[in-house]
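For reference, the structure discussed in these notes is given below.
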Amino acid sequence: MKLKTLVILLLLALLSSCMPTNIIDDILMVEAEGFDYIGHNQILGTATMPNYVQSGNPGGQGGGLPSTASMMRYVSGITYDGKSLVDKFQPEGQRPLKIGKVRVMLFDKKLAKHGMRDQIDFRNRDPDTPRDLTIAIVEGSTNKLLTAQDYQTQIPISRYVQDMIQQNNEQNYPTSNLSQFIYSYYGNYMDPFMPLIKKIGNHLEMTGIAIFKKDKYVMKVPNKDTFIFKMLFEKFNQGVYDFEFAPKKHIAIRNVHTTINYKVKDGNSSAPDIYAYVKINGQVRQAYVGSISKSRAYRVEKPLEKQMEQKASKLVRTFQKKGTDPLRLGDTVRSFTYNFDGKSWPERYQNAHFHCQVTVNISQTGISQ
Amino acid sequence: MKPGQISETQQLGPMSGFIIPHTMQISIGILSFQQLLSKDSGQDAWLACLIGGLFSLAIMWMILRLLKNEQKFGRADFFSIHQRLFGKWLGGLLNFFVTAHVVLFGVVFLRSYIEILQVWIFPQLSVFTFTILFCLIIWYIVLGGIRIVGGICMLSFIYMIPLYMSTVFAVPEAYFSNLLPMFEHSPASILISAFHTTHIYLGFELMLYFYPFIKRPQLAKKWCYFGILTSMYIYIILMLMATVFFSRGEMRLTIWPTVTFWKSVSFPLLEHVDMVIIIYYMWALLPSVSMSAWVASRFVKHTFPVIKQKYALVGVLLIFVIISVLIKNGEQVKIANDLYGNIGFFIVYAYVPFLLFYQWLMKKVRGKAA
């Protein structure tokens, strides 16, 4: 019996099949992908890989030359849209390209205007792509952004972009990643958005939010309105709002807490009423000299509330005119309405009345009077 | 010792009434059931989970009743009940059919798991190699007898707890408004979804096979109900998790919502938690498949007492390997899953109540004759 078991166990060795391995030193990890639309359903794709070149370390392995020294930084080429860049670029890679740890995916504005249906379907189908992937629209060429050598920072561009977007997502920009995008894109009665970035000189900058209608780019929310957008989109606690209470006189308010509550009336009528109740708890950080003090803080609150309400209504009206719904108002109405009539919603959305009520509480005005 | 009684060294404690039915229920369906359920009843699908669980509680009561009534006639398991009520030949045939379903139970889970492995991690994985390796583990477990199978169930129960807890990662990204408006769907559509829950709740009926191996079965009774309630709780939580985490349109496209959810969980230095969990998930599979192999080999021993259980086991495992290899693609896996669910629905909701009724009838008829 023991012999038999031994024979079976030895036979097991024969069963070990030849699975491809993913040893970190033997693959090229794609960290960022860029897509530029060049017309006729063709894109210029760019993929970057991290460069593990270390400073020459005499006495290290391989006679001072690390084995990863010859790794390339990026590859680019033209393909039809919707194709995986990894498959396209494999002939150019000296090692297997793997997409399992991709951090950033960038699309240029032309591709966004052309429509990203194929790209999104591909991302949603691919089990290797992480879902907390950072995605963004680039004003200008993604190829130039990814391959430029003149950045101030030495860290790889993929990490630079990801850090910048994730940092801003905690502040004035609404949370955005692939998971969020797919949620809105496939969800009913809502439209997705992505942050917009741009290379200016030797650094990158967030320039606003790109709003989509289904899979097509329709408009941009500029940088100064992202606070309003985020305030209506989710609760957050690290934004900064710049309040211009009189021409050229500013007060910068850092919010400590912002909550948003929606109420809906007559969700199935031809013009539903949507009520948004925003509560902001903030602190004054900078102010025009003499404009504010502890005792006079309440005087700023009222005009600030009014300005925010106006801006919010204006923003929503723009969305309604364009027929896009990045704030997921349609889904909010659905959640408040039994037997929601989804078929006629696109028309009713444009007629919906949006009421916004902002309550500001300035809790502190700084350490000097 | 009464005839037909199992030696105490081979018996399980009363607590296994909780562990075994529960771990049998937790299997491959947990990864994908949300999509199927929300198709008909949308945000109210958790109600369907609740209804399905309550129905299986009722069936559990019937099963325990059936087995308890049977105890005074000898060994109280499915095989003996069939042979006592329907005679040697018809009973043997019925035994064959119910065992075929149990084999299907094991094979479907094994093959669905391989499909997930192929889709998510190893596209090149060979079904044949994997099933052979897996069946060797099963062979080793079942060779140790029912106590080892019970022990594996216990370990599986403990090992699965962290996976259920991973649902907390959905909370920061949850949209609880997805659950509103509540109770929007008609009772009919919720009942259709409740019918689809059969696939995930099936497994507790295996109680019919290993009941005589439980020591002091009267104590195991309450544990059996607890086991089903625990599964029900887990399924409701997972259903709620998927509802609040995915939008409706996204859910329609997602084949394995639970795995896709795990895909979006990430830790610093540990990304792709989904891959780790899928491999880890083999622990949920081991008890189901080994219990299925145990039941099938036991059927052979019961029907042909000449054949020893350990030799029958090799044949059963060969059947496992052959059927797994015969199922070629995802579509056939789905068909096998549907077949398993539908037959299981019939066995549990039609055949078991019928058997209970028939047993009562026979008692009346034979009682008068005697």
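Cβ atoms are placed via backbone N, Cα and C, with glycine included.
Record features (TrEMBL):
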| type | residues | note |
| --- | --- | --- |
| TRANSMEM | B:12-33 | transmembrane segment |
| TRANSMEM | B:45-64 | transmembrane segment |
| TRANSMEM | B:85-114 | transmembrane segment |
| TRANSMEM | B:120-141 | transmembrane segment |
| TRANSMEM | B:148-170 | transmembrane segment |
| TRANSMEM | B:190-211 | transmembrane segment |
| TRANSMEM | B:223-246 | transmembrane segment |
| TRANSMEM | B:278-299 | transmembrane segment |
| TRANSMEM | B:311-327 | transmembrane segment |
| TRANSMEM | B:339-358 | transmembrane segment |
- Message: Could you check whether the transmembrane segment (B:339-358) packs against the transmembrane segment (B:190-211) - three or more CB pairs closer than 8 Å, residues at least 6 apart in sequence?
- Response: yes
- Is it true that the transmembrane segment (B:45-64) and the transmembrane segment (B:148-170) have 3 or more Cβ pairs under 8 Å, skipping pairs fewer than 6 apart in sequence? no
- Message: Pairs of Cβ atoms less than 8 Å apart decide it: which stretch in B:148-170, B:278-299, B:311-327 has the most with the transmembrane segment (B:223-246)?
- Response: B:148-170
- Message: Within this structure, do the transmembrane segment (B:311-327) and the transmembrane segment (B:190-211) have 3 or more Cβ pairs under 8 angstroms, counting pairs 6 or more apart in sequence?
- Response: no
- Message: So, taking each listed stretch (B:12-33, B:85-114, B:120-141, B:278-299) in turn and counting its Cβ pairs to the transmembrane segment (B:311-327) that are under 8 angstroms, which one gives the highest count?
- Response: B:120-141
- Message: Short question: most Cβ pairs under 8 Å with the transmembrane segment (B:12-33), which of B:85-114, B:120-141, B:278-299?
- Response: B:278-299
